[in-house]
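The feature substrate binding site is assigned by Swiss-Prot to Asp12, Ser13, Tyr44, Gly45, Asn76, Thr77, Thr186, His187, with sequence analysis given as support. According to Swiss-Prot, the feature active site, proton donor/acceptor maps to Cys75, Cys185.
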Amino acid sequence: MNINDKPIGFFDSGVGGISVLKEAFKLLPKEDFLYYGDSKNAPYGTKKVEEVKTLTFNATDFLMNKGIKALVVACNTATSVTINDLRENYDIPIIGIEPALKPAVELKKGGKIIIMATPMTLAEKKFANLMDLYKETEDIEPLPCPGLPELIEQGIVSGDVIYNYLKDKFSKYDNEKISSIVLGCTHYPFIEETLKEVTHNKACIIDGSFGTSRELKRQLKNSNMLREENRVGKVTIFNSREDRDIIDLSYKLFNMK
């Protein structure tokens, strides 16, 4: 098979990375995508570093065996822990995702920037380095959100449970003083509407999906690996849980407006 005709692999600790996959499919509609969600082992954000590395390499091997031409690690935790190791071990373009702090700063809105993420993402050196770039000039506050990915893995993306979770997390803030909220986990875009409700739509909500998808397109173009023929690509979803419910939820989230 011509390398251009090979699919693009996507990986996340569960269904969250589908938020990034949606953006990539809009940007690259001719491409085929294979998505692997490791919901059996979700969430990654509370696991030990070595376990996250092992799970990430297992998922990557699964997709490599399917013949992918590029890999998107659509998981903030896996990116922060393993992206450098992956690039050293696999000879394909590998794109990661990180909290979109730079776009939030560049809005120049003043006020507080809140970064919602898993405890592990916030504890990793990669995030500390990102914070170091801006902490002297910006009011940035990390907000760990343990338990939120697990709710989304159950298909709970709206309603009282999500509202009350977010209401509790944001109760210590003055909504008028929040300029931006950075979604530092790929699960979180699915609860964006409830987040707007909780914060009275005062803050700009930013995630890294578009930036990651744009980088994927850039790398494929530079490597002459884009599909050229006029066609509509397809998306195939796999999950380590191997039950129909999680696959159905995955496609439901992919098609969610």
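Note: Cβ is positioned from N, Cα and C throughout, glycine not excepted.
Locations of recorded Swiss-Prot features on the structure.
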{"residue": "Asp12", "record": "substrate binding site", "Cβ neighbours (10 Å)": "31"}
{"residue": "Ser13", "record": "substrate binding site", "Cβ neighbours (10 Å)": "32"}
{"residue": "Tyr44", "record": "substrate binding site", "Cβ neighbours (10 Å)": "27"}
{"residue": "Gly45", "record": "substrate binding site", "Cβ neighbours (10 Å)": "29"}
{"residue": "Cys75", "record": "active site, proton donor/acceptor", "Cβ neighbours (10 Å)": "36"}
{"residue": "Asn76", "record": "substrate binding site", "Cβ neighbours (10 Å)": "34"}
{"residue": "Thr77", "record": "substrate binding site", "Cβ neighbours (10 Å)": "31"}
{"residue": "Cys185", "record": "active site, proton donor/acceptor", "Cβ neighbours (10 Å)": "30"}
{"residue": "Thr186", "record": "substrate binding site", "Cβ neighbours (10 Å)": "32"}
{"residue": "His187", "record": "substrate binding site", "Cβ neighbours (10 Å)": "30"}
Cα distance (Å, whole number) from Cys185 (active site, proton donor/acceptor) to Ser13 (substrate binding site): 10
Structural state of Thr77 (substrate binding site), classified by DSSP into three states: helix
If you take the centroid of the Cβ atoms of Asp12, Ser13, Tyr44, Gly45, Asn76, Thr77, Thr186, His187, the listed substrate site, which other residues of that chain have their Cβ within 8 Å of it? Gly14, Gly16, Gly17, Ala42, Pro43, Cys75, Ala78, Thr118, Thr121, Pro149, Cys185
Pop the Cα-Cα gap between Cys75 (active site, proton donor/acceptor) and Asp12 (substrate binding site) into the table, whole Å please. 5
Based on DSSP, name the secondary structure state of Thr186 (substrate binding site): helix, strand or coil. coil
Measuring Cα to Cα, how many angstrom lie between Cys185 (active site, proton donor/acceptor) and Thr77 (substrate binding site)? 8
Between the Cα atoms of Tyr44 (substrate binding site) and Cys75 (active site, proton donor/acceptor), what distance do you get, rounded to the nearest Å? 9
Using DSSP, would you call Asp12 (substrate binding site) helix, strand or coil? strand
